[in-house]
Structures are given as structure tokens and as C-alpha cells.
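Scroll down for the structure; my scribbles are underneath it.
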Amino acid sequence: AATAPRIPPTRLALHHFDVSYSLQLKDLWPSVRAGLLCEQKYGALLNNFSPVDHVAQELELQNATDFVSEAPKKAQRSQWGAAAEEAGRGESRSQEGSGEGRTVMQAETMTQAEMSLPLRASISSNIKCYTFPRGDITRFRPARPDTLGLLDYYLMDAASLLPVLALNVQPDDFVLDLCAAPGGKTLALLQTGVCGHLAANDVSISRTKRLYQILHSYIPKEIRETVSVTSCDGRDWEQLEGGTFHKVLVDVPCTTDRHSLMEDDNNIFHRRRTKERQMLPMLQLQLLMAGILATKPGGEVVYSTCSLSPLQNEYVIE
């Protein structure tokens, strides 16, 4: 009897996303689909423990910009533009009243827009990540070591920084990165320079080794010694150090949508991993609960995935 053709996991993933995300995103799905299937663009997270001024200048000469510092400026311009448009509509609707009154109304609208920038308060100016403009497919050169052997920047998906920025680490916070490997977010947390203590954990011993390698490549010994790296099941963390941390990052295992579309190796859509994939939301919920229980009263937890799936995002939270 003829055997059925073996369908690559990447094709299975694309079929799954076409069915589910087309219903979820509707008219947006074609452009999101194209983005997921394009070659990945990286951001360059500057290493503050290495002299970075000349690196920043080098990247700016290549037309790269620090998206972390640019985000509040873009948000401000956008809100000022929206406020001006709204003020203009109000002006056209009003046939009475003095010009002075309309100017005051517009100024009040502008001030309100300026004050309502949540990004301004939450983004740490210590984190710098350079990206090339949309449509620019320039690749960053490989990272180089400084005189102490520390690499000057770390290449990562710039979106991976968003959970770290949302965590809004404050001076002397005790921070837990519950699912830390391979280490990009742990490295970004250290770039803030304000963690009182950082615990980095991952259930996978092999991935934890990769985390160790990143810390040795980017972080001075005296700072590395303030980081505790463990390899245990994050679901059991409350039994180890419950109610200990001011800030907890729960960046859970997920379908990692882009990886699932680009790489057949270690793909969660491989048929032998079907049950594992189906159980992801339960695992994610258990990890989130463990993260909450590890947090001090009044602390903050950020939950994040690399997936567009509502089952792995909103539904887990709800």
C-alpha cells in the first residue's frame, strides 16, 4: 500500500494559520501573512556594559534608529496630529464664539494629548535597540568583542523587547524571568542597570546552557554574579520562592508563529508534537499562575507570547 506523502511541519503550520488567523484578522491577514513569511529583520540591542557610543554612531550612519527612544516621539506626533484634527472638526462645527475661545480649546486638547503618553513613563531610556526603516533589508554586521571580550550588541527580534519595556523595572526591583532561555529578554533586563536582583529560569537544561553563554558573552563577571540562573519547571516556582519578586516576566512557550513557518527542525506543528501543541494553553495558564504567586503583593506580572493566537493570549489571561 502506498504511504501518504509526508507534509512538512511548516506547511501544516501555514494551513493552520490560514484557517484560524484569516477568521480572526479578516482583511489584515494577507499582509500579516506576508510579513510572517518574509525573512526576519533583526534589531541590535546595544550592550551597555561595552563602550557603545561609537557603535551607536556607526549604526546611525547606516540609517538605523533606536526605536525605543523614537517610540514616544512618534506617539506624541500621532496624538498631536489627532488632537489637531479633532480641534479642526470642532472649529468647523462651531459657527459662534470668538477665535480666542477656539484657540484655547485647541490648546487644551493638545495638552491633554501630550499628557496621555503612557509610553513616556514606561520606556526605560537605558535600553537602546537599533532597527533599519521599514522596507530596508540591510543586515547588521556580526557583533564584535571589545577590549574586555564583551560583545557590542545582541541581534534579536525587536518586538521581543516589548515585554521587557512593559515590565517597567524600577531601581532595586527583584525581577524573575520565569521562562528565560535563550536569554535575549534576560540580557535586556540587565541593560536597564537597575535590577536589585534578577532570577533567570528555564525548564530546559540545554537552553539554559545557551543562556549562560549569552551572559558570559555580554555581561561582566561582577554583574553576572548578581544573576541566579536555575533550570526547573516554572510551574513549581511558587514552592521555591513564592511572593518574592516585584516584577515577573512570564514569556511562555508557544507556537512561535514565525519559527513554525520558517523552520522544520524542532517545529511544534510536527505531527508527533500534536498533543504537546494542543496542551499549550493549559501549560501557559499554569506558568502564568506560578508567576502571579511568585510576585509580592502590589507587584506586576507581564505575560507574553510569540503567537497571534487568542487561545494563547487573551483566553489564557481571561
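Just so it is clear, glycine is given a Cβ too, placed from its N, Cα and C backbone atoms.
Database features (TrEMBL):
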type	residues	note
REGION	78-103	region 'Disordered'
DOMAIN	80-318	domain 'SAM-dependent MTase RsmB/NOP-type'
BINDING	C179, A180, A181, P182, G183, G184, K185, D202, D233, D251	S-adenosyl-L-methionine binding site
ACT_SITE	C306	active site, nucleophile
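Features per TrEMBL, on structure.
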| residue | record | CB count, 10 Å |
| --- | --- | --- |
| C179 | S-adenosyl-L-methionine binding site | 22 |
| A181 | S-adenosyl-L-methionine binding site | 25 |
| G183 | S-adenosyl-L-methionine binding site | 25 |
| K185 | S-adenosyl-L-methionine binding site | 24 |
| D233 | S-adenosyl-L-methionine binding site | 13 |
| C306 | active site, nucleophile | 18 |
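Between the alpha carbons (Cα) of D233 (S-adenosyl-L-methionine binding site) and C306 (active site, nucleophile) lies a span of roughly 20 Å. Cα separation, C179 (S-adenosyl-L-methionine binding site) to the residue listed as 'active site, nucleophile', rounded: 13 Å.
For the pair G183 (S-adenosyl-L-methionine binding site) and C306 (active site, nucleophile), the Cα-Cα distance reads 15 Å. On the backbone, the CA of K185 (S-adenosyl-L-methionine binding site) and the CA of C306 (active site, nucleophile) stand 13 Å apart.
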